[in-house]
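So that you can see what the record holds, here are the features copied from TrEMBL:
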- 75-322: domain 'G-protein coupled receptors family 3 profile' (DOMAIN)
- 73-98: transmembrane segment (TRANSMEM)
- 105-125: transmembrane segment (TRANSMEM)
- 145-163: transmembrane segment (TRANSMEM)
- 184-204: transmembrane segment (TRANSMEM)
- 233-252: transmembrane segment (TRANSMEM)
- 264-284: transmembrane segment (TRANSMEM)
- 296-316: transmembrane segment (TRANSMEM)
Amino acid sequence: GWIRGGYTCTCLPGYYSPYLKNATFNGSHVELAYRNKLTFNSQVYDQLYRCLPCSAGCDLCVDDSPCLAPYDWPFRIVLLAISMAWVMVSIALMGAVYKYRRIKVFKVASPTFLCVTLLGCAIMYAEMAAIFPELNTPACVATKWTRHMGFCITFSSLLMKTWRVSLTYRVKSAHKLKLTDQQLLQWMVPIMLVATVYLGAWTASDPPTGEYILTGPTMKFTQCTYNWWDHSLAIAGEVFFLMWGIHVCYSVRRAETYFNETKHISWAVYNIAVSNIIFASFHLLLLPNVGPDMKYLLGFIRTQMSTTVTIALVFGPKFYLVAMGRGDEHDARTKARGVTASFSLNGLSLASGLGGSCSGGGPGGPVDLYRENEELKEQLQKLAGHMEFMKIVHMGVNNPHLKPKPGGYFS
């Protein structure tokens, strides 16, 4: 009842007693120790009847054992340094693309889209900086933006060029389809706008935060929350986007482009799709509760597999040809055959035969009707130009009232 010593004292949640396992003290003993403290200056009350706070991250505890999984900071710093080095490499490659933009191997590959691809790769590498510290709301927001915007920029720029080849490859008539980089950028803007609006609404209404997940019986660490915003973007956005990209790449598998660029882009797209599927399975299904350093390592490997391999596939052959002095070899070859640059249809080689059935018209080989039609139209245009020139010259020679200007074109 309500008498002296008729009660017990218990440590609050998040605290523990260093002397008693159940952290419950008898009221009579507490009062006796407190009276001895006042009367005899005893230290028993301060030493025995007190509760100490648990270690950081512990909701309940019986001792001072840690509850948060340790971070191997030197290991994480090494991985972060490698990722930041690749950011610098991406920026340096953008400068190199601008420097060599007039060389055939870069010119036919649209230097603008090559730079956009490298920009998206640099943003994807920056994700490793966002997930480097212990995750909280700002870090999680930065993680979502760098991951999804980098993927959207890189994948869209690669897909736009492949789609242009696909549209050109499917033309059945002799009409030449011409799609400029500016037109493709205009079609790319809505994709970027949708991604920006979605991520902006996500950040404003329900920003991702860090939540604790268990990596053992008691050890835990913070990870960004996954909710319907993530699932909607992954399923409705990236999965269907990847499926469309694979379909486009498969449709141009027989197209012969200058320097085999479409083949290299197709390999990069397939690699991005496979890498994302594999590491999403590791993250969500196979290893959902591994430690923070293993999570960071998996993120690093995923970035290298999808981004670094893309750079190697798309840009490696181009810089190799430039280093070997063969960056203009196709241009020299076409000039030697008397074929002008107007035959370059959006990077598509003449030998590919738009419509999917024509082959090279070499000696003894099948006749390339499309190529012959284009050559005939070009020769007719040249002939018409020469006739117009001769008409003007003949008119000036036979007309005494028309005197060409000294040093003029017709003089």
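A Cβ is built for glycine as well, from the same backbone N, Cα and C atoms used for every other residue.
Here the transmembrane segment (296-316) has Cβ contacts under 8 Å with residues 76, 79, 82-83, 86, 89-90, 93, 97, 114, 117-118, 121, 124-125, 127-128, 131-132, 150, 154, 158, 261, 264-265, 267-268, 271-272, 275-276, 279, 282-283, 287, 290 of the same chain, all six or more residues outside its ends. Long-range contacts of the transmembrane segment (145-163) within the same chain, counting only residues at least 6 positions beyond its ends with a Cβ under 8 Å from a Cβ of the stretch, are 109-110, 113, 116-117, 119-127, 130, 184, 187-188, 191-192, 195-196, 199, 203, 233, 237-238, 241-242, 244-245, 248-249, 252, 261-262, 265-266, 268-269, 272, 307, 310, 314, 347. With a cut-off of 8 Å between Cβ atoms, the residues of this chain six or more beyond the transmembrane segment (184-204) that come close are 110, 112-113, 141, 144-145, 148-149, 152-153, 156-157, 160-161, 164, 229, 233, 237.
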